[in-house]
Amino acid sequence: MPSALQLQCHLVLIFLAASKGETRYLEVRDAGEDDPFLLLSEDLKRELSAGQIYRRSLRCIDMLSIEGQFTFTADQPQLHCATFFIGEPEELITIHYDFVNIDCQGGDFLKVFDGWILKGEKFPSSLDHPLTTSQRYVDFCESGNIQRTIRSSQNVAMIFFRIQLPGNGFTVTVKKSSNLFPCNVISQTPSGRFTMVIPHQHRNCSFSIIYPVVIKISDLILGHLNGLFLKNPSASCAGVGDFVELLGGAGLDPSKMFPLADLCHSFHGSAQMKIGCDNTVLRMVSSGKHINRVTFEYHQLDLQETETRKENSIEEFCFPSI
């Protein structure tokens with residue numbers, strides 16, 4: 001049975017399932033009777049690697065993980081539409097308006113959001129993003145030709161729009177660029193390996209995995225001594241300045257998730273945790289005094305798995321039912 005976050009993040013999960021050959025059937029609100037997702041196979045991605053520009057029409061609810069030119073044309077009044085963009089962890093997304101024909105005075109809108117927002121919850125959270133919430137929105141009806149190109153601060157971005165007159169619409173070109181120090185990331189897959197580096201920067205970075213997972217931290221460099229602390233009222237890294245925390249919850253916003261463990265000090269070895277939450281986040285808090293680095297790997301949690309692993313391991317489940 002789909003979990004609460006799976007229902008909220010239907011775009012994410014259907015995309016992930018398609019890319020891994022899995023099957024998930026989730027209800028999509030306001031998407032109409034048609035399948036709202038036209039997802040790309042690996043074969044098509046290889047065919048396009050020779051320099052061809054991929055073009056296709058957008059649907060009212062859509063997900064894009066590839067560069068190209070995309071056009072939306074309303075065939076009826078469309079009041080609640082959104083397109084979600086996602087790249088690899090080390091990629092930034094650039095959205096350029098090639099053509100826009102909407103009625104701003106009549107109530108239409110076309111906005112880019114720097115990140116993702118679902119049911120009021122944002123990623124990255126307001127605590128982890130360099131811009132204020134209002135600055136993360138770019139409204140075409142307000143900026144017009146002044147700002148036709150918008151680049152994301154992380155590997156996800158979105159457009160949401162309302163177009164009431166049939167025949168009106170817009171065309172955008174989506175490109176990706178390299179990000180030398182990825183900070184906030186939503187994983188495209190339920191398994192992988194990643195190294196997060198914050199080089200002398202006062203910022204917070206979150207890596208979000210929208211699956212129950214087993215996460216294994218193999219290397220952590222924070223510039224001071226060894227230590228691992230479970231979250232409880234008397235043991236916390238809040239006063240340390242540089243630390244990593246593991247969070248779990250049923251929503252998209254890390255600031256609203258439940259803290260499971262703090263890692264306050266550097267170590268080389270293995271720290272593993274099973275997190276049976278809809279969403280798992282590894283979040284690094286950096287004071288800017290050190291070059292902080294954490295390497296971790298993760299894979300989807302097998303809910304039938306009951307074996308207890310003895311290596312420096314902590315087990316925690318979000319819900320008794322898991």
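Using N, Cα and C of the backbone, Cβ positions are placed for all residues, glycine too.
Note that TrEMBL annotation is computational and uncurated.
The annotation disulfide bond is assigned in TrEMBL to Cys60-Cys81, Cys104-Cys141, Cys183-Cys205, Cys237-Cys264, Cys277-Cys318. Residues annotated as domain 'Corticotropin-releasing factor binding protein N-terminal' in TrEMBL: 52-177. If you look up TrEMBL, you'll see 185-306 marked as domain 'Corticotropin-releasing factor binding protein C-terminal'. As annotated by TrEMBL, signal peptide applies to 1-21.
Across the domain 'Corticotropin-releasing factor binding protein N-terminal' (52-177), DSSP assigns 10 helix, 67 strand, 49 coil. Averaged across the domain 'Corticotropin-releasing factor binding protein N-terminal' (52-177), pLDDT in this predicted model comes to 94. All protein chains shown were included, and the count of other CB atoms within 10 Å of the CB of Cys183 (disulfide bond) stands at 24. Each residue of the domain 'Corticotropin-releasing factor binding protein C-terminal' (185-306) gets a DSSP state, and the totals for helix, strand and coil are 3 helix, 68 strand, 51 coil. Remark: of the disulfide-bonded residues Cys237, Cys264, Cys277, the most isolated position is Cys237 (fewest other Cβ atoms within 10 Å of its Cβ). Separation of the C-alpha atoms of Cys183 (disulfide bond) and Cys81 (disulfide bond): 28 Å, rounded to the nearest whole number. Packing around Cys60 (disulfide bond) is summarised by its Cβ count: 22 other Cβ atoms lie within 10 angstroms of its Cβ, all protein chains included. If you measure from the Cα atom of Cys237 (disulfide bond) to that of Cys205 (disulfide bond), you get 16 Å. Highest local Cβ density among the disulfide-bonded residues Cys81, Cys104, Cys141, Cys205 belongs to Cys205, counted as other Cβ atoms within 10 Å over all protein chains shown.
The two recorded residues, Cys104 (disulfide bond) and Cys205 (disulfide bond), have Cα atoms 36 Å apart.
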